[in-house]
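Novice: Here's the feature list from TrEMBL:
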SIGNAL    B:1-20  signal peptide
DOMAIN    B:53-350  domain 'Peptidase M14'
ACT_SITE  B:316  active site, proton donor/acceptor
TRANSMEM  B:358-380  transmembrane segment
């Protein structure tokens with residue numbers, strides 16, 4: 001009997017854990033639930049249930065009506081929504097207000113013979129400075145079938161867009177810039193490490209809003225643009241009440257992975273909003289690349 | 001015969017105690033103390049390493065040496081291959097040492113030079129494993145049953161170029177294979193032999209998605225192919241880390257190809273995305289790139305699936321385009337924490353699928369104990 005006790009005591013340290021599986025709060029439970037449902041089998045496999053399979057259907061085409069329901073996480077919907085974002089930013093953005101698509105709720109497309117494809121998107125956007133979410137945006141985006149690039153035609157409205165109140169911040173910034181002794185200038189925003197000095201943030205936003213015009217104009221069904229770098233910003237002389245800036249911005253097209261350099265001039269005041277007064281594409285090679293950490297150790 | 005059984009039982013009892021790390025032997029106390037002093041000194045150096053900062057190539061190499069030395073019980077460093085510029089690409093093999101071959105989890109980072117958050121994540125991932133394997137039951141089991149093969153920085157030439165010349169460089173730094181094209185670099189993630197050069201890649205050597213003169217033309221790709229090809233039967237899961245886009249991509253990039261375990265891949269990816277969202281609220285989309293991003297070919301993920309590795313994922317980390325490649329360093333920690341949760345979900349699933357869950361293992365062990373006890377009882381009677 002004593003030996004029995006020794007054996008049990010001796011083998012005890014070899015056994016770790018306890019027979020009941022600890023479950024965490026996170027969604028490991030989903031995986032574990034799937035595993036545990038297979039009665040004791042070690043070869044448990046995750047399966048999609050019928051609802052999940054239905055949600056994954058890419059398109060449902062009703063032959064009586066050409067509208068095609070789109071999967072909101074597939075790229076046709078995300079690309080169209082991005083165009084709406086660029087449009088929204090150009091028409092409503094400012095140095096204090098910059099929107100990103102937050103969530104796509106519903107998407108559909110229709111092929112219009114000899115015209116192009118029109119997308120209908122319901123989505124929400126998040127404003128980057130305030131982090132506020134504007135829930136109800138709808139947009140129609142028409143990509144025309146043309147040989148050369150032509151800007152997609154966009155109709156976009158959001159309920160509650162006006163709840164994002166930035167006019168005070170915009171006016172304060174406007175006056176601050178007007179009263180500076182030296183014209184504003186900056187390079188490499190963000191820097192290599194992603195840093196943006198606080199005082200340059202509005203000019204980063206303004207560059208983004210101006211770039212939104214270019215990105216909207218340059219978009220088609222095979223592009224997905226973001227502004228990834230402000231190479232330079234320089235305030236220009238202006239005689240009227242608009243502030244004017246000269247920018248070189250770097251756009252990233254996710255589909256081709258190319259970095260495209262654009263030169264643009266942007267005019268802004270709080271009441272008239274942002275206008276791109278001129279812009280031109282810069283050749284890839286003649287442009288100085290975004291600088292790396294040459295001066296820092 | 002009774003005496004032999006008794007002495008055997010004594011050995012069985014004492015054996016686990018001998019294995020315990022709490023045992024100290026007289027006569028080696030001084031030696032142990034000197035080892036502890038050195039261990040603490042190295043620990044102070046590694047403890048100074050800032051995982052919430054971006055690091056240059058040489059800093060990462062030094063860190064790998066420190067990790068290998070500090071955690072020599074569970075880490076060994078090996079050569080994967082060479083870059084075009086003759087840099088040695090190293091990888092870490094992490095897990096309890098064993099005489100027999102173990103199952104493998106593969107992770108590589110920094111295949112695209114400008115995606116700085118990627119090597120930052122590999123370093124974070126290694127740190128998390130090593131700081132917790134003694135106390136975390138799950139990681140401890142992973143270390144017993146599997147080895148983690150981690151390549152913290154695959155495209156060393158390109159990454160170095162982003163620190164010295166061009167922050168937004170993507171490709172390798174090999175010269176053009178064609179005489180009438182003066183641009184440098186091949187897109188390493190279009191250079192694998194997976195429907196190579198069929199779609200979503202370019203034969204223009206100046207293109208960011210130039211797929212090379214032929215599949216596996218790049219030495220960095222060859223290095224991965226050689227090792228992974230050799231141990232493919234042991235690899236449970238192939239993970240390759242990129243940015244940006246907040247995506248978990250599964251095979252395939254080619255629109256006409258679907259993995260045989262597509263549904264399981266997708267469900268597991270969605271579980272991982274749910275785990276990510278629980279951490280800091282960040283949304284990741286899941287699916288094959290042919291549906292959720294863009295059709296492409298020649299990727300390492302697709303190649304891994306093609307050679308029979310059951311699970312293969314590309315992680316595209318933060319963000320969604322606000323900062324893009326130039327993700328601020330203050331986002332390294334939250335990005336790595338959420339990615340860790342996602343990777344952990346996948347690793348745990350593939351581990352449990354192969355080895356059984358902790359509960360099943362415990363039940364099996366208790367059954368063995370009981371069976372041994374009963375059979376000994378019979379012998380002793």
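Yeah, the Cβs are placed from backbone N, Cα and C, and that goes for glycine too.
Describe the structural context of these features.
Specialist: Secondary structure at residue B:316 (active site, proton donor/acceptor), as computed by DSSP, is strand. For residue B:316 (active site, proton donor/acceptor), the number of other Cβ atoms no farther than 10 Å from its own Cβ, over all displayed protein chains, is 22.
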Novice: Grab the pLDDT values for the domain 'Peptidase M14' (B:53-350) and give me their mean, rounded.
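Specialist: A mean pLDDT of 97 is what the predicted model shows over the domain 'Peptidase M14' (B:53-350).
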